[in-house]
Amino acid sequence: MGNRLTEFCGSTFWNDTFLQRADPDLPVCVEQTILVWMPLGFLWLSSPWHISALLKKKIQKSHISALYLIKQLLVALLFLTAVAGIAITVAEDYGNYQDPTREKPNPAVLYTNPILYACSWVLVILCQESVRQCDKTGESALLFIFWLLSILCGLFPFQTLLRMALNQGDIPDLPRFCLFYISYGLQFILLILSSFADVTAEKREASKKNPEMVASYLSRITFNWFNSMVIKGYRRPLQMDDLWDLNDYDKTQEVSSKFEKIMNHQLRKAREKHSRQKKNKLQSDGSLTNGRTVSQNVLVMEDKGEKKKDTNKLGYTNGWMVSTLLKTFIRMLIESAVLKLLHDLLVFISPQLLKLMVSFTEDKSVFEWKGYMYAILLFVVALIQSMLLQQYFQRCFLLGMKVRTAIMAAVYNKALVVSSATRKESTVGEIVNLMSADAQRFMDVANFIHMIWSCPLQIIVSIVFLWEELGPSVMAGVGCMILLVPINGFLATKSKVFQLKNMNYKDKRMKLMNEILNGIKILKFYAWESSFEEQVLNIREKELKVMLKFAYFGSFSAFIFSCAPVLVSLASFAVFVFVDEEGVLTAEKAFTSISLFNILRFPMAMLPMLISSMVQADVSRKRLEKFLGGEELDTSAVHHDSSFNTAVSFSNATFTWEKNEEPTLKNVTLDIKPGKLVAVVGAVGSGKSSLVSAMLGEMENVKGYVNTKGSVAYVPQQAWIQNATLRDNILFGSDLKMSRYQTVLEACALLPDMPLLPGRDLTEIGEKGINLSGGQKQRVSLARAVYSNADLYILDDPLSAVDAHVGKHLFEKVIGPKGLLANKTRILVTHGVKFLPEVDEIIVLVNGEVSEVGSYQALKASGKAFSKFLSTYAKNDEKKQKTKDMSEDFIETELFQDCLEPQADDPPEDAVTVSMKRENSLQRSMCRGSKRQKKSLPNKVSQADHMVATQTVQKGQRLIEKEAMETGRVKLSVYLKYLQAIGWGYSILVCLAYLIQNVAFIGQNLWLSDWTGDSLKYYNETYPASQRDMRLGVFGALGIIQGLFVFVGTALIARGAILASRTLHNKLLGNVLRSPMLFFDTTPTGRIVNRFAKDIFTIDEAIPLSFRSWVMCFLGVLGTLLVICFATPLFTAVIVPLALFYFFVQRFYVATSRQLRRLDSVSRSPIYSHFGETVSGLSVIRAYGHQQRFLQHNEKATDDNLKSVYPWIVSNRWLAIRLEFVGNLVVFFSALFAVLSRNTLDSGLVGLSISYALNVTQTLNWLVRMTSELETNIVAVERVCEYTKLENEAAWVTDHQPPKGWPDAGKIHFNDYKVRYRPELDLVLHGITCDIESTEKVGIVGRTGAGKSSLTNCLFRIIESAGGYLLIDGIDIAKLGLHDLRRHLTIIPQDPVLFSGTLRMNLDPFNNFSDEELWRALEQSHLKEYVEGLQQGLNHEVTEGGENLSVGQRQLVCLARALLRKSKILILDEATAAVDLETDNLIQSTIRTQFSHCTVLTIAHRLHTVMDSSRVMVLNEGRIVEFDSPSVLLQRRGHFYSMAQEAGLATVDNTAL
């Protein structure tokens, strides 16, 4: 082969003597053949890719840019140089230029090369044309690599020709010399040009939104396109608007549609397989007993909970998730696997180069150029390695991001179609968890999925190379490693147990915190904060104990982990020097082995971590498979056949909530005619809501069917309000038609609310409608239905949540025979009897069956259940005819005044609403005006208003301002606060421990370097045993010291971190519970919960970890630089520029990365809150058929989040590639200076310095990551500290104690009492003065916003006095501690709030009462019978919010609480909609009998409840306008009379009361 090539070139192809000299060079033949063919070969192999694209693509008019023309022109010039080359050769051989002195013609190579080049340049022209037409960026990676290869290979002939010319003094072959340099220059220009993207002006414009779209290949592999984001992030904190658009292929829609398609296919296959297995199992079992399978018998015996578990075991298909993910993302997986494989193989070249480098310094006879070559090779290998690794990571993190996106979208899509049975199995919280925690786990595994095969590969290759160095003694080290695996396994399983316990306590604590925050008002009324604080602290202490154990285990595994490399190298070296007589450690062997052991450390550490995260992901897989494979809503029982002549038809339909359960609706056959108003009535639990759910297709069908005709609008019993503007809530995705919108607002009594809201109808409504009253929510919900203009209206008791006269207005204007919906079919579920005479038909339900259907009169006359029900409860309603003569104007005005402010059934007015009222001067001026001037009332949201509202976002339009997001650098004071919480002693000791550990590490390596010097010292002598033992002993001892100090440092950090956690959490909890109600009214619960969940979790777990890592990395980098400087003092010259570059890159990165992290967490919340909102409003969304719109909203929210996640991933790669470049330069310079000072250097020190340098890249990278991580995490301390500085309410207990038995009479005296909610707002109560005598029963009435609730808030000092004083039994309440005051008053609140825990805890959280007293209270509150019927009696577990008790029962529990407290003053905030009439009667009778000796203040919403009071106080605009007995007030015909008249009570009969 060599001879043929020699002949081909006309000169020697290869001779070793070319390299065996001080100034080596490659033979000309090699330069003319191999170095020419390599780049051209690459071009010819890769060009079909471009040419095929050119042939396939239909020629379109594509822009021709200047850059494209220049490139084509330059290639054309190259083509001409090739032609010139051929011409010269031909002319020399056959033309006039024949050289007569030459014996032989030119060699073949001078013909073939120019021809090859000419063909190749034509190919390049075609490729560039293909790129112009087909590629978005107008440049090609393949062409860039070709030009780069061409330039690199051309370097050798470049210097050869130059050297020959310089040595010989003249140029022998001038034409070819000139052609070569022209050609080389053109290629160099083309290389530079091909590193720029060639894009059109439109694309360049579009690239402002996403520069990656038009980034060139070079820019993409170095992540240079990201520079502008980093610079912007450094100059000022990034905002959401600064983020770029996503690539189309990264968008949620694209990712999820592909995933869903494959998932559905895989799921279908898995279900078929599952059913086959089930069939086979049943056939093989075959053991049927009494017609039942064994498993069924078992199920009957088990309790309900077990039954659920057992069915689940059989009930869902599994094993399809992983295959779905693999098939969806197969391309990315293959790409990243190839990159990883190449990188892993390159990793092992560095130790071999190190070995050559050490032998170069040892053997002074080796030519110096070899040293320079090794240094350059070390740099090049490291550079390629960096490029490959970053591209691999980029793909893996993108894969993780896409996996998370796919899973989140799939969970959301599933939630929209899930059946009620599947929905019951998991709470909203659990489903949100699938989206957050479980999707996150899959993301974490996807990031490192290739480690599964890469770790074993690296371990095997390392051992092979180590065997070469140390022979069989390497097995001793491997043995050590294998022994450490079970220890690691044991530690991992133990840690998992602790982790589970920890999570359990965390869940308990968070559940309790949630309830505390939801029921904070009750806690304040009852003075129960300290009891609940203690409960939280008890759970927290248990949690911290487990965390401490977990942390100690962590310290132990850190000890094992840091000892492992020492033990492994010690065992290997020990066996090596003991077994082999000649076994003297040389520097070459020692440092090559050490760098191989260092490579081994990473896979050994990664494997256990990977396994544990895979175990966690497997748990998530099962949870996801169970949910995503769960049953979907079967709507087949609900037909939509338009040929029916009825609006709704039930045909012998039986429905149940869950399969295999008792049916809730039985054999229902019904026909509802179009355009009719049909009422559905029945006792509580008779199946009214089930009938509605059956029509909406929300129930399991047993038999029969339902047919509905036309579109449906649905108003649920509990209004579902979105976190959007009021207008968006009403439009609900429809277009705005102003006139229709006006009509709807007017009919639904929403116009009067408009002036009140800061942004009118563009005011943002908080989560769950937090800034609307119950009545307003219900009216908005009704307005949404009316605006939708559907054919069928299903109204589930919408009038119960509004006051009587508002209900009347809504019935007349919307629902009734003359309302807006008069011609529509309306199905109205109702508890009231007031409107029944006006409906077309009444359906009476009893125990899930239709008992009667007919008109009001017919059913009344029938004498069945319905007529009995009427005779009991309709007394007041029948009198309404007598009030018909009331002035319409009057009703309008009164109604308007009522609607101006949130409805009375709202929990006592919250401060936000009140402050909003007070800011509204318009409302005040109107209220002062005449009540009868109807014409002056604004009953239109005028076009002008609409314009103004659209253009300006007014102050307060957002009720809850966006959460303050910290920007810029974290202040030093925050770090100091954290260190202070840890304790200064601990902090200093930790740093000291790690410092000693680092010193030991450096000492050990210096010792090894010294040890390798023995090989020269005892050359050709027997190695003394004592020397050998001493060397080994010190080496081992220094290793063990390292391990011990890592253990000490980690243990100290763990202990200090627990102290810090305890201090910060307790301060936070104490302060939040002592905050005034105003704080809770203006802060969303989620925001406070976030402090206790996410931020405390960060302080507990993330900060200690990043603090420890940061200290270790920092000391590691410092140590490395010191060692290199010690070995090669020249290196100090390079440190400063490198450090500066490093510092700037780091500062740029941290500023951007930190802000991107913050934007990520801020943009992640809307995904979860929208999801929570969707799940809670599922029935509404499905009824209106708006699933698609919500899916799109979810996709948008996810994309908005990805916009910050994606740049964060890129920012890490941007940083890593730059830092690794610094690291690679460190390697290069340490090697270069070792070559320069080889004559003065010890080979051991060279080995030490370079092996340290090879490690520095990773450590540098980690240091910046940890700095950023620590900055990101320490923000949690900042956020927690923010809440520890909240303003507190007055002291709970003061020195001024009330006398024992106070209040004994229950006299209340108000003297010129004034109240305002905040210093800057107007008064709510304007100088109230009155006396309430002992045992007096006083009713407090007034329109909404008159100040009724404010009055009760004053008694409990929920709001403090702004003037005047309030005496209870002669004691000024302002001087008492809050708990001393609140413990001696009792309130039965309007909303019954229960906490999860036992029934006993809910009645008596401080354990002050005996069982006997508790039972007596239950008996008096009519609950004894019910509680005796429970299995656990008083220890019956109440679920969150008391969900497992009916609303009425909850109200009775609140009554029992009041009975236990036996205080002399009872405040009754009378409940309206919450309770059915029966429970109401029970409560009223108990209060009359049990509290006869007390002073009772009743805030009345229904006037008939205060008609038997001693006196009635009428409030208006915060002043007492009337205060006397009901009979006197009725005769006066003032405010009270008009209210009574409206409620149908102001008749002669009633006056007799």
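Just so it is clear, glycine is given a Cβ too, placed from its N, Cα and C backbone atoms.
What TrEMBL says about a protein is an automatic prediction, not a curated fact.
Residues annotated as compositional bias 'Basic residues' in TrEMBL: 268-281. Residues or ranges marked as domain 'ABC transmembrane type-1' in TrEMBL: 336-616, 988-1272. Here TrEMBL flags 648-872, 1308-1542 as domain 'ABC transporter'. The feature region 'Disordered' is assigned by TrEMBL to 268-290. TrEMBL lists 34-55, 67-88, 108-128, 140-159, 179-199, 372-393, 445-467, 473-493, 550-579, 1032-1054, 1130-1150, 1215-1236 (among others) with the feature transmembrane segment.
The stretch in closest packing with the transmembrane segment (550-579), judged by the count of Cβ pairs under 8 Å and taken from 67-88, 108-128, 140-159, 1032-1054, is 1032-1054. Sequence-remote contacts of a segment are chain residues at least 6 beyond its ends whose Cβ falls under 8 Å from one of its Cβ atoms, and for the transmembrane segment (34-55) they are 26, 113, 116-117, 120, 123-124, 126-127, 129-131, 133-134, 140, 142, 145-146, 149-150, 153-154, 156-157. Looking only at the domain 'ABC transporter' (648-872), the predicted model's pLDDT averages out at 83.
Here the transmembrane segment (140-159) has Cβ contacts under 8 Å with residues 25-26, 28, 30-32, 35-36, 38-39, 42-43, 46-47, 49-50, 124, 127-128, 131, 180-181, 184, 187-188, 190-191, 194-195, 216-218 of the same chain, all six or more residues outside its ends. Within its own chain, the transmembrane segment (1215-1236) is flanked in space by residues 222-223, 357, 360-361, 368, 371-372, 374-376, 378-379, 382-383, 386-387, 389-390, 393, 1124, 1127-1128, 1130-1131, 1134, 1138, 1141-1142, 1145-1146, 1149, 1153, 1246, 1249-1250, 1252-1254, 1256-1258, 1260-1261, 1264-1265, which lie at least six positions past its ends and keep a Cβ under 8 Å from the stretch. Note: the compositional bias 'Basic residues' (268-281) comprises 14 helix, 0 strand, 0 coil (DSSP; helix = H, G, I, strand = E, B). Only residues 6 or more beyond the boundaries of the compositional bias 'Basic residues' (268-281), in the same chain, are considered here, and those with a CB under 8 A from a CB of the stretch are 314, 317-320, 629. If you look at the transmembrane segment (108-128), the same-chain residues 6 or more away from its ends with a CB under 8 A from one of its CBs are 8-10, 29, 32-33, 36-37, 40, 43-44, 47, 50-51, 54, 68, 71-72, 75-76, 78-79, 81-86, 89, 140, 142-143, 146, 183. Tertiary proximity for the transmembrane segment (179-199) is limited to same-chain residues at least six positions away from its ends with a CB under 8 Å from its CB atoms, namely 65, 67-68, 70-71, 74-75, 77-78, 81-82, 84-85, 88, 117, 132, 136-140, 143-144, 147-148, 150-151, 154, 157-158, 161, 207, 214-219. Sequence-distant contacts of the transmembrane segment (445-467) (same chain, at least 6 residues past either end, Cβ-Cβ under 8 Å): 325, 333, 336-337, 340-341, 344-345, 347-348, 351-352, 392, 396-397, 399-400, 403, 474, 477-478, 572, 592-593, 596-597, 599-600, 602-604, 606-607, 610, 613-614, 617.
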